[in-house]
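So that you can see what the record holds, here are the features copied from TrEMBL:
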type	residues	note
BINDING	A:88, A:89, A:90, A:91, A:92, A:93, A:94, A:95, A:96, A:97, A:98	ATP binding site
DOMAIN	A:62-147	domain 'GHMP kinase N-terminal'
DOMAIN	A:208-284	domain 'GHMP kinase C-terminal'
């Protein structure tokens with residue numbers, strides 16, 4: 001194999017109460033990454049479409065991730081890297097995680113699959129850490145492995161995947177303002193009262209049980225957050241109005257996606273979500289802000305060869 | 001109906017990561033409560049066996065719980081109350097919750113079942129609050145309703161029940177020292193770092209997923225606690241040794257039950273648990289401390305008419 005092209009899905013992290021813990025992959029949005037073997041030992045970012053990304057291989061998430069994989073394998077295989085982004089970095093949909101996941105997934109295939117899929121997580125995390133200044137398995141894991149992933153522990157890294165209702169639809173709402181993950185991180189409190197923490201894990205538990213049992217009523221109560229939403233919602237234009245609108249249209253859960261500004265709403269059907277989209281589009285037109293609305297499912301697949 | 005006798009099971013609360021959130025009912029241990037109608041309007045504690053309980057109806061958990069039910073129903077029905085405790089108060093197995101649950105369950109039956117089971121929780125909590133100086137649904141809910149209960153929210157009170165593996169066995173280890181709930185509460189920190197809180201809810205989520213999916217390996221990693229165990233284990237004689245012994249015998253989870261000194265260990269089979277019991281008994285003999293060992297299942301039933 002001389003060349004490979006893969007799709008690495010975007011993802012929604014936190015999902016209400018699961019700060020740094022929950023994340024799920026979505027459909028259509030993501031990175032298309034093409035790798036081609038080189039005869040020298042260089043990693044070269046040939047082209048980056050859809051965003052202004054660094055082309056220095058030491059500063060590009062994809063090449064940093066590939067390099068850590070190559071180092072582990074003691075390989076000096078050179079590669080040309082072509083990245084096409086189908087969504088904007090800084091949107092809160094795990095842009096750097098998609099690039100890092102897609103890059104290591106593609107590189108591992110190009111090298112003849114020396115490593116298992118789960119093992120690739122370590123190297124994708126190295127790439128992701130470059131962008132967000134910390135390790136975020138909650139975006140990388142769903143982008144690489146698909147579905148709804150839960151981080152049980154960071155040290156050592158241990159994850160599991162929960163089932164999700166097949167009928168569940170996700171409306172992504174991305175008002176076109178940029179929020180840097182590092183800036184949004186700075187707002188998060190360092191400490192939490194045990195009372196608040198306890199309420200948060202009540203909701204963590206409820207969300208997992210609701211996904212297992214397809215209990216939409218419980219789900220609608222469980223998607224709450226005491227960590228990030230209270231401080232980050234101020235960065236997102238029209239946050240309160242958008243939230244109320246989705247709930248008025250029957251959303252069974254609404255919150256910020258990752259560090260924002262994207263928001264997500266769970267719906268039991270496409271119809272309710274579509275009616276809601278029209279309303280939200282008009283809302284942002286009134287304030288002259290472009291908005292991307294994307295109706296999707298929880299994507300059971302992670303990275304896929306195209 | 002002039003008289004009724006009920007069994008209200010004991011319970012294990014916290015269950016590792018679920019501080020004030022998780023609780024499950026156990027078998028055999030609990031309260032037997034007998035209520036008999038009186039012709040006057042008095043509530044009278046006739047007899048309390050197995051423990052030195054207050055007989056003043058304003059200071060007895062059972063009668064306080066019954067009184068709050070009677071007030072809600074605007075009833076002045078008098079009752080004689082007989083309480084037989086099959087386990088010691090102060091053991092960490094939800095003694096006051098058993099008394100409160102059994103009392104309101106029995107009283108509601110004696111009055112012709114005017115209220116549904118779930119509604120009785122409010123009144124049982126009133127009784128329980130007398131003993132522990134705060135509302136603890138994590139013991140009251142399993143004692144009243146049975147099974148493994150999770151508190152999603154305290155304000156408003158909202159719970160759900162998770163499935164548990166039929167094969168799962170629970171070993172209760174009660175070294176005979178008394179720990180007052182109010183004293184054990186005083187050791188708990190008021191604040192928690194977000195990092196620790198995040199690890200805790202990773203484990204909360206893992207425990208719920210493990211129970212749904214019967215994943216014993218995940219369960220064994222999930223039964224951890226950063227809130228109560230680090231500060232309360234010092235109050236429990238031989239804590240570290242007992243924990244290690246259960247793990248050596250294949251326990252898939254070990255921690256403090258409620259505020260201690262009782263401990264619980266999950267096992268995949270009775271055989272492993274029985275072998276472990278012999279070892280633990282010897283361990284406490286060496287230090288001349290009586291220990292009660294009780295091998296049980298998670299009890300799917302709450303209060304039952306006898």
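Every residue, even glycine, has its Cβ placed from backbone N, Cα and C.
Location within the structure of each feature annotated in TrEMBL.
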{"residue": "A:88", "record": "ATP binding site", "Cβ contacts under 8 Å, 6 or more apart": "A:50, A:51, A:95, A:174, A:176, A:178"}
{"residue": "A:92", "record": "ATP binding site", "Cβ contacts under 8 Å, 6 or more apart": "A:174, A:179, A:256, A:257, A:258, A:259, A:260, A:261, A:262"}
{"residue": "A:94", "record": "ATP binding site", "Cβ contacts under 8 Å, 6 or more apart": "A:10, A:11, A:12, A:13, A:23, A:136, A:139, A:140, A:142, A:143, A:258"}
{"residue": "A:96", "record": "ATP binding site", "Cβ contacts under 8 Å, 6 or more apart": "A:61, A:89, A:127, A:128, A:130, A:131, A:132, A:139"}
{"residue": "A:98", "record": "ATP binding site", "Cβ contacts under 8 Å, 6 or more apart": "A:8, A:9, A:10, A:11, A:30, A:31, A:85, A:139, A:143"}
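Taking the Cβ of residue A:90 (ATP binding site) as centre and 10 Å as the limit, one finds 22 other Cβ atoms among all the protein chains shown. The average pLDDT computed over the domain 'GHMP kinase C-terminal' (A:208-284) stands at 96. Cβ atoms within 8 Å of the centroid of the Cβ atoms of A:88, A:89, A:90, A:91, A:92, A:93, A:94, A:95, A:96, A:97, A:98 (the ATP site) belong to the same-chain residues A:10, A:87, A:139, A:258, site residues excluded. Taken through DSSP, the domain 'GHMP kinase N-terminal' (A:62-147) splits into 52 helix, 8 strand, 26 coil.
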